[in-house]
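**Student:** Sharing the record's features from Swiss-Prot:
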- S182: active site, proton donor (ACT_SITE)
- Y198: active site, proton acceptor (ACT_SITE)
- K202: active site, lowers pKa of active site Tyr (ACT_SITE)
- 13-14, I16, S36, S40, T44, 66-67, E77, G122, 125-126, Y198, K202, 230-231: NADP(+) binding site (BINDING)
Amino acid sequence: MHYLPVAIVTGATRGIGKAICQKLFQKGLSCIILGSTKESIERTAIDRGQLQSGLSYQRQCAIAIDFKKWPHWLDYESYDGIEYFKDRPPLKQKYSTLFDPCNKWSNNERRYYVNLLINCAGLTQESLSVRTTASQIQDIMNVNFMSPVTMTNICIKYMMKSQRRWPELSGQSARPTIVNISSILHSGKMKVPGTSVYSASKAALSRFTEVLAAEMEPRNIRCFTISPGLVKGTDMIQNLPVEAKEMLERTIGASGTSAPAEIAEEVWSLYSRTALET
C-alpha cells in the first residue's frame with residue numbers, strides 16, 4: 001500500500017492560499033482547496049498547465065464553505081465541490097465531509113490521507129472599531145478565529161485516528177502538521193488604528209496555536225503559526241484603510257513586506273522540516 005499525503009488549504013482561491021497550493025502541488029502533495037463560494041472554487045488555485053505537469057498520483061479538488069456562517073456550516077449534509085483532472089474537464093461533486101475526497105481517491109494500491117492543514121482564510125477590517133457593526137465583527141471573528149479553530153480540531157481528530165488506524169504511516173512522510181496563518185498585527189507592539197478587531201482575531205489565533213502545539217506534541221502532531229507583515233497583492237493590502245496601511249508600512253518598513261510565494265515557501269519549510277525530525 002502506498003500512503004499519499006494530502007493538504008487542506010483554506011482561503012486557497014487567491015492570494016497567499018493560492019500560492020501555498022501551488023507550492024504544495026509542485027512538491028508532490030495532493031490538495032483539497034477550500035473557498036467561500038461555489039463561484040470562487042471554480043477559479044481553481046492551480047492553473048491547468050501546472051495540473052497537467054503534476055505526477056500521476058496527484059489529485060486536486062475544491063470545496064465551498066462559507067466560514068462566516070460558523071457554526072452552521074458544520075451541520076450541512078453536503079458541500080458543493082469540484083474535482084480537477086489532468087486530461088478532462090472539471091467535474092462538479094458533492095462531498096459529505098472534508099475527508100470524503102481522500103476516500104474517493106483511495107483504492108487497493110493507494111491510500112490518500114490528510115496530513116497537513118493550512119488555515120489561510122482571512123477577513124480584514126475596513127474601518128475603526130467604533131464604525132464596525134456587530135455583524136462585521138462577528139464575520140471577522142468567525143472567519144479569522146472560530147472557523148480555523150474548528151477546522152484545526154476536526155483535522156486533528158482525523159490525524160490521530162489515522163495514526164491509530166495505519167501505524168505504518170510513521171516514517172512514511174512528514175509528521176501531521178497544522179499551520180495557521182496569523183498576522184504581524186497579532187503582536188501587542190503593533191497598534192495600528194483601523195485594525196483593532198482584525199488584530200484581536202489574529203492574536204487569538206496565534207495564542208491558540210501556541211498552546212495547541214504543547215497539547216499536540218505528545219500526540220506527534222506539529223502546530224505552527226506564521227505571522228506575515230504586508231503581503232503584496234492580498235485582500236489585506238487592498239482593503240486596509242489608507243491611514244492604517246501607511247502607518248503599517250512606516251512601522252514595519254520594507255523588510256516587513258513579502259510576496260505570497262515567500263509565505264508558501266515558509267509553509268513548505270515547516271512541513272518538510274517535520275519529516276527530517278521524524
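Placement of Cβ uses the backbone N, Cα and C atoms for every residue, glycine included.
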**Student:** Taking Cα-Cα distance, which of the active-site residues S182, Y198, K202 are within 10 Å of Q125 (NADP(+) binding site)?
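**Tutor:** So the list is Y198.
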**Student:** For the residue listed as 'active site, proton donor', find which of the recorded positions T13, K202, L230 come within 10 Å, Cα to Cα.
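**Tutor:** Hits: K202.
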**Student:** Taking the Cβ of K202 (active site, lowers pKa of active site Tyr) as the centre, count every other Cβ atom within 10 Å, in any protein chain shown.
**Tutor:** 26
**Student:** Tell me, by DSSP, whether L230 (NADP(+) binding site) is helix, strand or coil?
**Tutor:** strand
**Student:** Taking D66, E77 as the binding-site residues to compare, which has the smallest set of other Cβ atoms within 10 Å?
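**Tutor:** Taking D66, E77 as the binding-site residues, the minimal 10 Å Cβ count falls on E77.
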**Student:** Using Cα coordinates, what distance in whole Å links the residue listed as 'active site, proton acceptor' and I16 (NADP(+) binding site)?
**Tutor:** 17
**Student:** Can you tell me the CA-to-CA distance separating K202 (active site, lowers pKa of active site Tyr) and I16 (NADP(+) binding site), as a whole number of Å?
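**Tutor:** Distance between the two Cα atoms comes out at 16 Å.
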**Student:** Near T13 (NADP(+) binding site), how many other Cβ atoms are within 10 Å of its Cβ?
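**Tutor:** Excluding its own Cβ, T13 (NADP(+) binding site) sees 24 Cβ atoms within 10 Å.
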**Student:** Could you tell me which of these recorded positions, S40, Q125, S182, has the fewest other Cβ atoms within 10 Å of its Cβ?
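**Tutor:** Minimum Cβ neighbour count within 10 Å, taken over the recorded positions S40, Q125, S182, occurs at S40.
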**Student:** Indicate the candidate from I16, Y198, L230 with the smallest number of other Cβ atoms within 10 Å of its Cβ, considering only these recorded positions.
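**Tutor:** It is L230 that, of the recorded positions I16, Y198, L230, has the fewest other Cβ atoms within 10 Å.
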